[in-house]
Each structure stands twice: as C-alpha cells, then as structure tokens.
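Trainee: The structure that follows is given in the form of structure tokens.
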Amino acid sequence: MMEVRRICCIGAGYVGGPTCSVIAQMCPEVTVTVVDVNEDRIRAWNSDSLPIFELGLQEVVDSCRGVNLFFSTDIDEAIKNADLVFISVLSNPEFLAEGTAIIDLKNPDRVLIGGDETPEGQHAIQALRSIYEHWVPKNKIITTNTWSSELSKLAANAFLAQRISSINSISALCEVTGADVEEVAHAIGTDQRIGSRFLKASVGFGGSCFQKDVLNLVYLCEALNLPEVARYWQQVIEINDYQRKRFSSRIINCLFNTVTDKKIALLGFAFKKNTGDTRESSSIYISRYLLEEGACLHIYDPKVKAEQIMQDLTKPTPSERHDTATVSRLVTIVTDPYKACENAHAIVICTEWDMFTELDYERIHKAMLKPAFIFDGRRILDSLHDQLQHIGFQVETIGKRVNQRIPFTTSGDRSEMDQPQPLKKNKL
C-alpha cells in the first residue's frame with residue numbers, strides 16, 4: 001500500500017479547514033495543503049484572524065501552520081504534488097457539529113469512508129484509512145461502497161432534523177394545552193429506545209447541513225419515483241418553517257398585533273452557540289418576518305460580524321428580493337447587548353449563547369420601554385422565569401405558557417390575544 005505523505009484538500013471552508021488542520025496536527029509526518037480559489041479566505045487562514053470561529057481551532061492551526069499545514073491558492077500545484085486529494089478521490093462524508101467540530105474530529109463516533117468496489121477504489125479507501133488510523137481506533141472506521149456512504153450522510157442529518165421538527169411540533173401543542181415541552185421531552189427521552197438527544201424545542205434548526213441534506217433526500221426520492229417518501233421528508237422542512245413563522249407571529253401578537261416602528265433587541269444571529277456560522281440561521285428568517293412588519297431591529301451577536309448580518313438580511317431569496325436601503329434603515333448592529341436593549345419594547349433570544357443567561361436583567365428592564373417583553377426562542381432562561389417576572393418582564397417561551405393569559409376551553413374558542421396572527425408580506 002502506498003504511503004501517504006502529501007495531502008491536498010480542495011476547499012478552505014467550515015469542513016476543509018478544520019478537518020485538515022486536525023489531520024496535520026495528528027499526522028506530523030504528513031504535509032497537508034488546503035487550497036481555495038478565494039484569495040481573501042486563504043489570506044485569513046494565514047493570519048491571526050481565522051475566517052471561521054470554532055472552539056479550539058486557533059490553537060490547532062497555530063501548532064501546525066508553516067510546519068506541515070499550508071493554505072494556498074495554487075490549486076494545480078497542490079493537486080500535482082499530492083498523494084491523496086480530498087473530495088476528488090473518494091467519499092468521506094463528515095459528521096461534524098459546529099461548535100464542537102475539533103472535539104468531534106479528534107474523538108469521532110465513527111469515520112465513514114466510501115469508494116468504488118474496484119481495485120483502485122479499494123486502494124483509495126485503504127490510503128485514507130491509514131491517515132485516520134493515526135488517532136482513530138480501527139473499529140470506528142467504517143468502509144462502504146460510495147452510495148452507502150453518501151446516503152448514510154443524508155440519512156443521519158435527516159434523522160436529526162426529524163427529531164427537532166418532531167419536538168417542535170409537540171411544543172405547539174404544549175402551548176395550547178398548558179403542558180411544558182421540556183417536561184414532555186424529558187419524559188420521552190428517558191425511554192432508552194428514544195434517548196434524550198436532539199429533543200430540545202426551539203425556533204428551529206439551522207446550519208448548512210440539515211436543510212440541505214433533507215432537501216437532497218427529497219430530490220433524490222422524487223427523481224427515483226418515490227413520491228411518498230419525498231413527501232414524508234419534505235414535512236420535516238415544513239415544520240421547521242412553521243416553527244419560525246409561529247414564533248414570529250407570537251412576537252407580533254404579544255406586542256398588541258403590531259411591531260411597526262417598535263424597537264426589538266434580537267440577541268444572537270449565529271445558527272447555534274460557539275460558532276460564527278449564520279447559514280440557514282433561524283435568526284435570519286425571524287428578522288425578515290419582523291422587518292416585513294416594519295420592526296426596528298437592534299441585533300447583537302458576540303461572534304458574527306456586522307457585514308455578515310447585513311449580507312444575510314439583504315440577500316435575495318427565490319421568492320423575493322430585499323431592499324437594501326430599507327434593511328439599512330430598520331437594522332442596527334450593536335457590539336453591546338445592553339445597548340441593544342435600551343428603549344426596546346422586546347428582547348428576542350435567537351441563539352443560545354451562555355452569556356445571555358448571565359446578563360443583568362434588572363438593569364436591562366429599567367432601560368426598556370414598558371411593558372417589557374422577553375421572547376426566549378431557545379429555552380435558556382427557564383431557571384430565571386420567576387426572577388424575570390418579579391422584575392416586571394412579560395416572559396414568553398417555546399412550548400410553555402409562562403404567563404397565563406386566558407384559560408383553555410374545550411370549545412376551541414380563544415381570544416384574539418392568544419391567536420397567532422398571519423404575517424403580512426410587505427416587500428422590504
């Protein structure tokens with residue numbers, strides 16, 4: 001078997017950068033070159049300010065860069081000199097969770113390698129396997145054919161997304177009946193057949209993988225004449241969209257059915273904590289819904305840059321374009337969460353950053369307009385509900401009635417105050 005001494009990885013993004021940085025650290029005798037056509041991105045990888053934020057990544061890069069880890073735009077040269085090229089040779093799907101990617105890479109549940117069932121394909125599989133065996137136990141390295149490898153990736157993310165949509169669908173029922181979705185999730189999660197992972201109700205899943213992979217699965221099923229299977233997985237996406245719209249409608253409803261010209265502090269823009277990634281973040285969708293109603297958003301996130309937020313909010317969607325001038329007028333990016341909350345009618349928590357549980361909410365309440373609302377889209381303030389209500393906040397959260405507004409009636413009659421209001425579709 002050929003000994004791999006030089007690796008080329010095409011793409012210096014959220015997967016290629018961290019993955020090959022860890023490979024370089026764990027395989028000091030192997031030279032790893034990460035290439036990309038984006039010169040600004042490569043320049044950032046070669047600087048003290050990496051293009052992505054990931055816990056532990058800076059330390060890994062600092063330990064290898066310039067030694068056996070290199071970032072370059074010379075793609076042809078890197079490919080020519082490589083013994084193994086990531087992406088081009090065989091299927092090696094990643095199962096990384098952003099925020100814990102370095103931990104996942106160094107202590108993976110499994111490494112999956114797929115390749116053709118030919119001598120050349122099997123040779124490629126063994127070459128890549130030899131790299132991972134530097135630090136991954138052999139029993140955690142799974143080899144399959146290419147189709148099994150690729151479908152395993154799609155199915156894994158589809159199953160995880162399905163669990164989130166499932167508990168989010170139950171959260172809507174909990175809010176109507178008076179149940180608490182956290183208690184329901186705990187009760188069903190203690191069943192060993194189900195388990196407790198990915199049963200956290202929220203404003204919906206985001207990130208680059210879940211929606212993309214579920215939609216890829218839907219497309220594949222439609223293309224292969226499996227419409228019933230396609231409709232099943234499409235519903236996972238539709239529940240996720242429904243949860244975002246439902247949460248946005250609840251904000252508007254509680255603010256007396258209008259948010260026009262009202263200042264709303266939106267805390268968190270990344271799709272999850274411990275990352276600066278905003279791709280498919282629920283914050284984007286909630287922001288757009290509120291902007292369509294004329295809300296003035298003051299947005300704070302500890303790791304997402306202002307340019308990225310504005311880019312996400314003005315980027316055209318398949319159904320509509322967003323007027324940059326209007327977004328610029330209605331959106332303010334701040335670097336201080338207390339500043340975001342000053343004179344605000346409401347606080348909307350969209351990302352579960354730990355720091356949001358440690359804010360001085362008494363100070364915040366004094367600086368807000370009254371009545372002051374908190375909408376906890378991530379269920380991170382559960383232990384503070386009594387304290388927040390004592391301060392004077394009206395607290396609203398996912399899957400639970402914190403403030404009893406009206407009793408539930410079996411006739412199905414509910415006051416207008418308790419009904420989600422349809423969102424207008426004003427163009428930005």
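Just so you know, glycine gets a Cβ as well, placed from its N, Cα and C.
On a predicted model such as this, the values are computed, not experimentally measured, just so you know.
Annotated NAD(+) binding site per TrEMBL: G11, A12, G13, Y14, V15, G16, D36, R41, E98, C209, F210, Q211, K212, R279, in sequence order. Taken from TrEMBL, the feature substrate binding site covers 94-98, 153-157, R193, 200-206, 271-272, R378. Residues or ranges marked as active site, nucleophile in TrEMBL: C209. Marked as domain 'UDP-glucose/GDP-mannose dehydrogenase C-terminal' by TrEMBL: 265-383. Feature annotation from TrEMBL assigns region 'Disordered' to 407-428.
Describe each of these features in terms of where it is and what it packs against.
Mentor: Under 8 Å, Cβ to Cβ, and six or more positions away along its own chain, F210 (NAD(+) binding site) finds N157, L160, A161, I164, E280.
A simple way to gauge crowding: the CB of E98 (NAD(+) binding site) has 26 other CB atoms within 10 angstroms, across all the protein chains here.
Of all Cβ atoms in the protein chains displayed, 25 besides its own lie within 10 Å of the Cβ of C209 (active site, nucleophile).
According to DSSP, the secondary structure content of the domain 'UDP-glucose/GDP-mannose dehydrogenase C-terminal' (265-383) in residues is 45 helix, 20 strand, 54 coil.
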Trainee: Which residue, of the binding-site residues G11, G13, G204, has its CB surrounded by the fewest other CB atoms within 10 A?
Mentor: G13
Trainee: Count the Cβ atoms, other than its own, that fall within 10 Å of the Cβ of K212 (NAD(+) binding site), considering every protein chain shown.
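Mentor: If we count other Cβ atoms within 10 Å of K212 (NAD(+) binding site), we arrive at 14.
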Trainee: List nothing but the one residue from L154, A201 whose Cβ has the fewest other Cβ atoms within 10 Å; the candidates are the binding-site residues.
Mentor: L154
Trainee: What number of additional C-beta atoms lies within 10 angstroms of the C-beta atom of A97 (substrate binding site)?
Mentor: 15
Trainee: What is the interatomic distance between the Cα atoms of G13 (NAD(+) binding site) and L154 (substrate binding site), given in whole Å?
Mentor: 20
